[in-house]
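Contents: one structure, followed by commentary.
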Amino acid sequence: ATGPAAGVTAACGSPGGWWGGGVTAVLLPARYLLCASGDFVKVYSVATEETLRLMGGHGDRVTAIQLNPHNHMQLYSSSLDGSIKLWDFMDGIPIKTFTVGSKLLALYALPSLEDSVFVVIPKSGERDTFQLASVKLTKAAAQDLEAKELSVVLDGVDASPKRIAFGREGEYVASVKEVNLQVYFFKRKQLNRFSVSAIKTKSGNNHFTCIACHPTEDCIATGHADGKIRLWRNFYHRKEYTFSTLHWHHDTVMDVAFSMEGDSLLSGGVESVLVLWHNESDRQKDFLPRLGSAIEYISMSPDGALCCTLHSDNRITIINSNLRFSKSIQGLIKSADVKTGLVVDPRTRALVLNGEPGHLQFYCLQSDQQLFSLDIVQRQYIHQAGLNQADLVKVAFSAQGKWLATVEEREEVTDPELQLKLWFYDEETQSFKLNTRINMPHDDHITDMCFRDMDELEDDSLILVTTGRDCVFKVWVIVEDTDPEAQQSVSWSCDFVGSYHNYPATNCCFSEDGSLLAVSFEETVTVWDSVTWDLKCTFCHPPGKIRNICFGRLTCSKYLIGATDCGFLCCWNLLSCALEWSAHLNILVLQPDPLSEHIAAVSWLSKESSLFVFKPNEPRPIYIQRNLCKEKIQLAAFVPRDEPETIASEKYLWLRRSQLFFLTDTQELMTLSTKSLEERLTPSSKQLAVEESLPVTPFSLLLGKHRRQQSQEDTDHGKLVVRSKHEQDSPAVKELLHTPAHVLPSASFLCPIFINSLLISKENKSAEEVADEVEMESEKSEDDSDEEGGVTEMEQEDTSPMELLGETTCKLSKSQEKELRKIRKMDYSWISAF
């Protein structure tokens, strides 16, 4: 975010995936996948799909990443902040930072040039005009360097990195824009321009959309908006050039890429199908269909063994060279419109919102991956513009996540088609099952709904309230199903219908104890008794309709907060039924923290979003963050932390128990944090590889964690733990944990080696064995004579395991020692039965 306050950093795009234009992904041979994601560069494990590292340091969106052609353990990244960074991505350390000064929209690094890279920059003094320029990277010992030496190569290029490509061994560069193709030859310093006709057909126009150059031959592949692919040859001559056409896509070709050998061509588009063209022939092609959403980018690994496709729904698909699906990394799905708002699942603490059309996505903020997707509409979605199809518009969870309520609607010209669905969480299947379907619960659009936040152990306390533009709010309760053929014992039914002066109902919420219900009707807020449904009081603050309402919590439960669309934030006292205070703020989002008294309010003024955090009993905010971001924040949600965070500054104590997330109108997910990027990383994400740079397997991480915990427990309890000194260095253990399963020898071969490595050698006796032998000798000698017994006892004391540890024990009398031996010999195994 722009201009964060001191001590608080705003993380844009993480979590939240890799949304935004100009994003590229890089595959390393069979191990890692690197991709630009907001302000960061993420490193994923190809084997486990885990996020291994999050590299941050840019001040704005990362536009491109490229492996250093002279060292494949290093990575270049460019950003809109005007800088190029060189990373050691194995350690996550920035090696160099080159400040160019101008916004960088694309980056290209060539093996033929050691100290220069190519970037796309805006043309000075002209709007929406861009140039391809060469940047000389300064060689110096300092980490922060200036790279102001730029030389323009091409004028009038497109800002998209997909529309510029470099030819064989960097001899030429090709660029496409609209209907024009231009090729610049570096040695000849010759520029050739070609164009295609701008005739518009039923399938689209001829505009160029993407470009790729053959790695070993002089051939250029271009994709077009009409679904055609053109292969250009002999473009050294301005008039004698030739091109052939490949055509399968029915709509825009989004990206094309040659294989590393150049014997095949990959293409993708809105059909969600990856097409593999063999030998540049229209007749020889293979397909990988049903990839889920439109393919926007295609990237090949340096060894040619894998390719990856980046999709419009914020997903990366990893595909084998034989065109077989391998892995999928799903981020937060970018929906056309987040109508459900940001909701937190009480069970998993996942963020829940619109996903694929008609689906709810459950998104884990910790792992930055989707947990699962729930099909709500349960109808086939047709990808065609202009169709009125059912869409998911509202969602609400009960307090413990046992019940889920959803609303779906289809916009019609005359009257909308509505459905209210109640879902019950099944513990056996670990998923939601549809319990009740209610057709047309309201006569017009449903504007809001909420559960009564009370104990769910008794179904009698469960209440769902819905509000609608039909000027009523309805109360839904659980009733026993009397139908003998019904599959479930309970269902939901309408219990009460309320209204106020025939005004449309817009918002609703319950108080913390569930005793009061607040419903807004245009300019008026009404408060109802949730037992008798009597109207208790009304509040009004004209002018302006009520935009948001919420009750205070804990010590502030006697207050009701409301925001109007005319720019007022009001606080009413429920005991005195009077206005406590008001502030002139254009509040778009009002979000209470479920674990504290704090309420977050986001305002929009002068094309910037600002954050105010306050307690209802104090009109003065406890935290203000102006100019939080330039985008308009539409939604927000407090997500409870697993453990309270330790915060030194009193100013940020409101972030201790919950974390605040925002979603902007450009669908960027943002959060506030008091920790630096390095501190926010989990231990597993800090360690890229172990044992010869092999990926960390989940089992080895789990075993290592268990061993550390066991060691810590032993230390805390003061136990003497005797282990073999070769246990951790056992080759059998290493082989079992770190060798891929498909190349391991048989279990019968590994088992004896593994068991033998865990056995303790007889020559090395533990302290406990020494103590047992001494005790046996003392008991044997006790029967011979009392005098000899005394000598034996002295010997036993000299070789006591406690003294071996350096501790001094008090000496017991002879009678006490005898009594202690009797107690030791007694059988206490019967106690285990209890």
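Cβ atoms are placed via backbone N, Cα and C, with glycine included.
Annotations in TrEMBL come from automatic prediction, not curation.
Listed in TrEMBL for this protein:
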type     : residues : note
COMPBIAS : 710-725  : compositional bias 'Basic and acidic residues'
COMPBIAS : 769-800  : compositional bias 'Acidic residues'
DOMAIN   : 342-667  : domain 'WD repeat-containing protein 75 second beta-propeller'
REGION   : 705-725  : region 'Disordered'
REGION   : 769-816  : region 'Disordered'
REPEAT   : 55-97    : repeat 'WD'
REPEAT   : 246-287  : repeat 'WD'
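Secondary structure by DSSP for the repeat 'WD' (55-97): 0 helix, 29 strand, 14 coil.
Across the repeat 'WD' (55-97), the prediction's mean pLDDT works out to 91.
Using a Cβ-Cβ cut-off under 8 Å and counting only residues 6 or more beyond its ends in the same chain, the repeat 'WD' (246-287) has close neighbours at 162, 203-204, 209-217, 219, 221-231, 293-300, 302-304, 307, 309, 311, 319, 321, 323, 383. Across the repeat 'WD' (246-287), the DSSP tally of helix, strand and coil residues reads 0 helix, 22 strand, 20 coil.
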